[in-house]
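**Student:** Dropping the structure in here first, questions after.
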């Protein structure tokens, strides 16, 4: 991977005689070439350039002296030694072995998960005791004094928990248990049955209701302040012995009254809102004839069985009854808190397996799920179900991001539905409270912006602010879900947004954060077994460790290649085989891309070697000789090269002959000429930079970018590696990712700019004159350095948005090739997140990323 170091060949102005550096008098002087030998010197004398080492990593100070006898000598340039020595790698890989039975278990899990996806219908979820109690209230439509759905009443009688409550036994949430228990004891009392259960429920209520005061407001279920006080009033009329004067009960009643006072009467009937979800708590104020006009197509009121049951008992509406029969046909003797959940289930299931890094096993299933979602996509947004009339930002943002990345035509304008006049984003129309999970999903969505999508930039700014504040407020977690580690998810998303979140690192992180027993909060607590389950997690762990073991074998082979090529003798360059291999392993990690990873790593290593050679080590004459040797592919020129350059060329010649032969087998045609041409263009860019340095020439910003986007060498790595992505690449396809393509140019541009923003200060301190920042300041001498840096960041961010569009829309290029280009751009954003992550990898987070990706198995 071409992660360019600071250029050292341009540190002394032509014509300079001396550079006095008394502060570094005790440092060692190391000779360096000076191309214009007689420039600015007295007749018969030559200038010699020296480099002195100062304090800190790779800190170099230049000085010039006159020497009438000696010719200029080559630089002895040193870098921090490589961290990943063989003994370090061996110490991390020897303790973990992948069991032979794991592969069979992986196959079994893949088959079981495929069946889960294929069986997706309207959404699978757990019983809601609260909603079942409301459905059980309905009297028989034939006029008999029996329940219309006796099986639901029986379910209540049979499903009381040992502590006297109703709800999910594995997770105690006081809000949820108290609400469900109150609903059940009222229903049993109305039907004059289950006296023992009622008494046990009352005792639970008395002893546990006070615990609500200790729970965070964010754990209060949706509509609790509407339905709970209404049911308490009903319980009081029924004569149930409950602690009606508890402080928290008074507070909830006050919240209800305040909310209803803020509610304009006309809005309840003007358009569908979340109030339709809680109509059972608004019975004293609802005009039932008006409310029927807002009924969903499926007969429900916002997919809520409880709300729909309340409307039916008031109106006798046949569509309400049809909906309730439809739900009970699915679940038998109980109902969930809302149904259907078809869009929610599919989107979150796809998102889950993608984040866990196992999506490659389920391509057909993902396509089927997304085709289904897209068929119900609405430009005003979507909700959790296909016929839900109230869109929410959570499902909409998740859908926008995933559908866009999978090539579906969706517009970011859909987010405008959820923005208020103050520029803030909300989950539902008319709602002011937000949750961490929905804002997290909007934030993730905002990073897949296209050029000119200001709504995405606004969403990014708004949600980043909200999420950073939420990290400081424990009570902010969370309104819509009780997740294993939502805080960890937020921290990861803010630190590693889309453009520097590599698939393998995200999988590693999400495996740790993912909760197979996570629950969501609607009107009651509910689970989604096709979203949160042990099978996803087990497969993710087994698959991660299996792939990691393959990567370790590949890395050992590549390290042997480095040694056998004689590159350990090259003291002027960086040995970073492991860090470079980490790059393709972090995104093209699948077993079938083993050759692609090897070619990517070898090519990238040569871009580093030759960058260091052209940047600071070889004379212009030697560099011209090397370039000619590559152009002519002529071994006879090797004898004229210095020893270290011979090693470079022989390794280069042998390696790319081997790569070309393998490419011929893969592509069915000779590719050596193609590879040589790719390298000729690369070496021309290196040579131009060397010439600029020798002449102390500072190009314009545009001139600099034109060359630097090539010299960054990402294009060279990608164009050669693309031959090994498993696709037969025609000339037409190659042209779409070739040097002239906008896709490749954007990759090089963003890579160059992120490099410069993090290294220009250090390079300037070493005497470097050309960087994006410095060249822009030359064009605009009136601006400050801070303004120039801001401009460079703006150019880069706009280019990343354009890169998103190229990645998504460039469908004439095979998926694997698109990934190769796009992910190479993203890995640069990661490597240069905090500085020079290649040269100083041992001092940056890259060291931990390498360890987690390649060596540390997941438990």
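Cβ coordinates come from backbone N, Cα and C, glycine included.
Take a look at what Swiss-Prot says about it:
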BINDING   259, 479  substrate binding site
BINDING   392, 394  Mg(2+) 4 binding site
BINDING   611, 615  Mg(2+) 2 binding site
BINDING   611, 615  Mg(2+) 1 binding site
BINDING   755, 759, 763  Mg(2+) 3 binding site
MOTIF     392-395  motif 'DXDD motif'
MOTIF     611-615  motif 'DDXXD motif'
TRANSIT   1-70  transit peptide
**Student:** Mean pLDDT across the motif 'DDXXD motif' (611-615), rounded to an integer, is what?
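**Tutor:** Residues in the motif 'DDXXD motif' (611-615) carry a mean pLDDT of 87 in this prediction.
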**Student:** Quick one: pull the CA-CA distance for residue 615 (Mg(2+) 2 binding site) versus residue 755 (Mg(2+) 3 binding site), whole Å only.
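**Tutor:** The Cα atom of residue 615 (Mg(2+) 2 binding site) is 16 Å away from the Cα atom of residue 755 (Mg(2+) 3 binding site).
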**Student:** Let me know the most crowded of the binding-site residues, choosing from 755, 759 and counting other Cβ atoms within 10 Å.
**Tutor:** 755
**Student:** So for residue 763 (Mg(2+) 3 binding site), how many other CB atoms are inside 10 Å of its CB?
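**Tutor:** Step by step: centre on the Cβ of residue 763 (Mg(2+) 3 binding site), count other Cβ atoms within 10 Å, giving 24.
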**Student:** For residue 611 (Mg(2+) 2 binding site) and residue 392 (Mg(2+) 4 binding site), what Cα-Cα distance in Å is obtained after rounding to a whole number?
**Tutor:** 51
**Student:** Tell me the Cβ neighbour count for residue 394 (Mg(2+) 4 binding site), meaning other Cβ atoms within 10 Å of its Cβ, over all protein chains shown.
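**Tutor:** Total other Cβ atoms inside 10 Å, all chains included: 28.
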**Student:** Provide the three-state DSSP residue tally for the motif 'DXDD motif' (392-395): helix first, then strand, then coil.
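**Tutor:** Breakdown, helix to coil: 3 helix, 0 strand, 1 coil.
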**Student:** Which chain-mates of residue 259 (substrate binding site) that are at least 6 residues away have a CB under 8 A from its CB, listed by sequence?
**Tutor:** 225, 226
**Student:** As a test of the contact definition, list every same-chain residue at least 6 positions from residue 392 (Mg(2+) 4 binding site) whose Cβ is closer than 8 Å to its Cβ.
**Tutor:** 381, 382, 383, 384, 418, 427, 428, 438
